[in-house]
Amino acid sequence: MSASNPSWLSRQLPKTICLFDVDGTLTPSRGIITPEMKNVLSRLRKICAVGFLGGSNLPKQIEQLGPNILQEFDFCFTENGLKSFRLGEPLPEASFIKFLGEEKYRKMANFILHYIADLDIPIKRGTFIEFRNGMINVSPIGRNCTQTERKEFERYDHEHNIRKDFISALQKEFGDYGLKYSIGGEISFDVFPVGWDKTYALRHLKDENFSEIHFFGDKTEEGGNDYEIYNSKEVIGHSVKNPADTIAVLNKLFGV
Ligand code: M1P
């Protein structure tokens, strides 16, 4: 398989690609892919091109989807496509810190850490800001909480709107920064420049001449991190409830 003559050109539907959100779509939130889902994807890859398009970074996606993802998917779009791979080869990256600049970021990081220090929530752990290539991820409880603590925080947050209020405070304070805030998971929210949502990944597909781009995601409602791409005119969007639902929809569409 070569970059200019990619293997999907000899599949049943050479001009079709299926892109999948990860958490809640291919796997349970922060969970691991099942053998059943792996088999479905491998059957699908005989029919068309297949990629994942997640908000998380590559190390987390490797934990969830397995160590060989660069070979098992035609496209790997990590951090909304801000860091991506085509046929295992890296594509040009986007940089959050280059966009914002050190001074603005420092002010924002200080504000976030002060805000979390003043937050009276039942549990706090560590890693409140995860600095990524194309975004930052902010977690009021801290990213290295346990799985049980994660679920407790999610419940608490639904009742007390911790993340929504936090985002409103940031929007008020840094309204001129050109940033977007997106709740994609259970314990955190992502912060990235406006337009660097999942539709960012589509620019990497422009020259591939796909006539059908299917996207499958579970956070397709407004404010969710699949909302923009699900509603993009360039995409056929599928809103799914969980990985089992993804399999059911794929079965209906492609008989896999
Ligand atoms: O992929 C969805 C989200 O998954 C994680 O969210 P959380 O840890 O809050 O469940 C994060 O990697 C987040 O960046 C991502 O959008």
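Every residue gets a Cβ built from N, Cα and C, even glycine.
Predicted, not measured: the structure shown is a model, and the values here were computed from it.
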Listed by TrEMBL with R132, R143, R150, S188, D190 as binding alpha-D-mannose 1-phosphate, from among R30, R43, is R30
Nonlocal neighbours by CB distance (under 8 Å) for R30 (alpha-D-mannose 1-phosphate binding site), same chain, sequence gap 6 or more:
D23, K60, Q64, Q147, R150, G185, E186
Expected list for ligand 1 (Cβ under 6 angstroms, binding-site residues R132, R150, D218, Y230) reads none
Using Cβ-Cβ distances, find the residues under 8 Å from R143 (alpha-D-mannose 1-phosphate binding site) that belong to the same chain and are at least 6 apart in sequence, listing them in sequence order.
R125, G126, T127, F128, E130, N137, I187, S188
